[in-house]
Amino acid sequence: MKKKQKSVNHSNERITSIRNEKSEDDVLTKTKRCASDVDDAAPGEEMKYHPVKMSRSDLYRPPTAEELNQLKEAESLFHCSLLKMQMEELLKEVLLSERKKQQIDSFVQTVTRLLQSVPKFEKVEMTDLSWLNGTVKVPFLLVPQTTKGKFHMEPPSSVGLIGSYPLGTCTKPHVMIDMVVIIPSDVLQEKDALNQRYPRKRALYLAGLAQHLSASPEVGTLLYSCLHGNRLRPVLLLRPPGKEFSSFSLRIHPCPPPGFFKPSRFHPQRNNIRTEWYTGTPQSEPIEHPTPHYNSAILGDLLPSAHLQFLSAVRSQCSAFSDAVALLKVWLRQRELDKGPGCFNGFLASMLLAYLLTTHRISNSMTAYQLLRNSLNFLASTDLSVNGISLSKNTDSTAPSLEEFHKAFQVVFVDPSGHLNLCADMTACTFKHIQHEASVSMEFWDNATVDGFQSLLMTPKPMIRTSDHVFQLHALAKLQSSCKKLNLLNELMDLSGNYIQASLPYILSLIQQGLGQRIMLLTHSRAPDPEWSIQNDAPKYKDQPPLSFGLLLKPDLAASVLERGPPADSPKALEFRQLWGSRSELRRFQDGAITEAVLWNGETMCQKRLVPKQIVTHILQLHANVPETSIRYVGALIDDVINIRREVPSTGEEESLLVVQSFDDLSRKLWRLEGLPLAITSVQGAHPALRYTQVFPPQATKLDYSFFDLNKSCSSLLPKEEKPCPTYITPITVICHMEGSGKWPHDRLAIRHIRAAFHIRMGELLKQYHKYTFQACPSHLDVWKDGLLFRIQIAYHREPQVLRESINAEGMLVVRDTDEAQALEVATIHKPLLTSTLHGIQQQHACFGTVCRLAKRWLGAQLFSCEITDDTADLLVAWLFLQPAPFTAPGSPQVGFLRFLHLLASFDWKNNPLIVNLNSQLTVADYTEIKNDFMASRDTLPVMFVATPTDRKMSLWTKQAPSVQMLHRIVMVAAESLRVLERQIMSVEETQDVRMVMRPPLDSYDVLIFLNPKQVPLLSQAVDPSAVGFVRGFTEGFVGQAGGFMPVVDYNPVSIYLNELRETFGDLALFFCDPFGGTVVAVLWKPKAFTPLPFKTSQMAARAVEVHGDDVKTIPNVEAILEDFKIIGNGLVKSIEARTEKWIF
């Protein structure tokens, strides 16, 4: 298997994708590199591969018993042996090499030696910091400012390693080695558990260690941090000097001696923070509330060594334990669940596996694959927020019961001591998120049509790409007023003044109540552990990044504008009114019921999609005192680029529905037509508007006749020369199949004549019975109906076969496929079938059409619409909905568009076909057959191969484009667009201009042709609308169903000009333009076009002669070509700019 280089210091801590680029036989014989090379290679250095040399006897020796067992295991447990090898290669990639372990051990010994020489200082008051040199700060937020107690510095009682490194479960890319430093018992006092005395002494001791270590040249950088964001548990991060050793960090945890504090003192129902001390005001008879989170923070420092002993004992009995933990950590990291306060970190993953092993839910003999699978299955099926679990087996009478833990914490997982809740800081929403991710993983795990390894362990799932809607709370200091509004003094005492963590559970509860059945899942971000210099004060709570929330919507309920409550006389009516405040009102419904209800604003679909935003802002302002200005809702920022500019904002859903309804009406009338020589067998749409995917759907148009010249003889309108180009009327293609009959001729020309006669007769009947204006042509029939133009094409099912037949010189019938026959087959068979199938996806997923339109708007804006056609783009988006693993199907246009960009940027187009399983027609065997055929014929297939149930071997939709070079550019631009867009959406500091990803980089083009906006009929659809508008021959008002003059149809000077340029100069250059209101044509010279050619009089078009002695060559005459560009576009071209210096004259 091919293994790509991975940087261990990657800022996003993501694992580099491992792609399967060769068959299993190739993988078995592929060269491998040494593990030490992986760790020692400098960043950006090319990896070295060493060939494996085997003798002939080794190559052909029979398999051993162990190898036979491995093959049997691969067959029974995995989809194929390739998945097993992928897992094994991933483990080699993330586990530490022996060389890296030697480097770590050496640095650990150095730090241990330095810690044993910490100097002693005399005992002083805790507030007296004179013993520090002034440059080193204490990593603690003093809230309140002072507390009782004395402190002195002396060397630690002992130093040792804890955590994942001694356990053998430490993984890359971010290698963290945990070291415990035991604070001498003389430094601490028995009552230090009260009023933050111990946490402050702990921070002072850490500052003393930092001061001592900072003076040593054997230590590189020193930083303070907090263990999982808990400010009561600061830690010291050390890195060795030198870049070659900067791939790991040593994290120092000061802890009290084992048994120094009695665990019973930290019972979750006990109080260790006194109200009078915290508030500074005397209390007559204070009622001291429990401080479970504070108690858990101190208790966590008492037990790390005991936890290591417990896990080591479990690991010794299960050989695959370390590998399973590593895989589980990768799974968590890809889902951003392993960092921040209340995360599910690697330690919890180890404890979970230990629980499953000790309770015999899994066996010690299982493989890492089986352990991972069973762990995820347990997480998916067990709700620890309802039924907690415990590792404790002793009968300590002082240990709390699970019921007592549930009263104090939202999620319960008790450690082996029976006193500590390992999930004390985890919110119920976080565990629901873990449950959801585990459930989704289990759903696609056994699906052989899904690349389980890639989806499970290799695909990152950031919130912005996972959640349908995202919103942020910034200006976090204002959450202090939320704590005051919600009366959270006790929670603030328990969490040492952390108003963000104190208010978070209540904010989550309010959002959950407000959104109710509209969402499937509510998630929230966890701030990364802060890191700061030992010379700086601890950062304030308000300095952390904005708090982000993700909503996974139920599409059928999320956009409802009505929140119907209980009947007016119901006891729950009061609760409903209290929840919604002034928005709640009594309403009478059609069924006669009188109930409480809330009506939200929203007329069009794009407004209704933002109903959750109205709910969130209203309910947080009402109950948590969070102003609307502090809420940044980014659920539909990108939708604006397909907004149809009118009084009521719309993104085209309503217009698309009107088009489909008008087509359905026309279809019924065609079926009922009487007087046709042959019966109609089918009426099918073959236009993107009829599957809701037209970027800007056709709108019913009322024409202004004064804008046109009238041709009364044929009831049609003609554009006036002095007027701007009239509005563009889109022809909506309809394919009408006629029944087979012996009357159909077997000659291609005669069939066209018959078809033209059908067009005329059908138009006459439509005019006779329904008063529709029509215009018949040999190739189609245009019908003007409801302000829309339908282009009906008669089809005969045997015509493609007739086009393939010809008579050779010997009079023999020859059947040969032709481009004309293929094009006709695509237009009359494949396109209608694709349209009806995609229409079905739209009925299942309401945002499918809008995602397609956003994707095609981006392709058009970036000048790629000729490379990835409408049909191809729709199929790519359909794949996102039909095979969304590891995500769920997109529930909003924005998240669908982000995943579309990610698909373009990350899919391995070279080595894999994209299989779109429309209507679930393909089986596992079909998938295998398509992939095998693809690999066997890869060199002759399109560079972007898209397979469907009706097109398994040819990839009809991508046969002509894109080319290798253009696909490479599309991938690059998609990756950059995704990066910029995600940063803009999630960053408060970024300027909110999402249209930036729609503006193409024009620097790489050789010539720019600027067009006259007056003659661009789709100017209003441009990414950046023109400040000057033009009257284009239509008016507002009611559109009649029938009658009137035939408008100017399908007249777009820009597309006509582009076609002429490509026909005339297609051998010299490529031409690009945004089809949606673009006013610039970008020209790129072909590299081979300027190679000098021998002089030929027949090949002198647009070429100049160069004479070198007797050698006469011709080269393109660029100056004349540019002049021709202007002549061909007379009246349309405003100016031409030659940008490449080579061609400027």
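Keep in mind that glycine also has a Cβ here, set from the backbone N, Cα and C atoms.
TrEMBL assigns the feature region 'Disordered' to one of the listed ranges (1-42, 253-294), namely 1-42. Residue counts for the domain 'Nrap protein' (177-315) by DSSP state, with H, G and I taken as helix and E and B as strand, are 60 helix, 29 strand, 50 coil.
Broken down by DSSP into helix, strand and coil, the domain 'Nrap protein' (320-459) contains 73 helix, 5 strand, 62 coil.
Taking the domain 'Nrap protein' (845-1000) as a whole, pLDDT averages 92 in the prediction.
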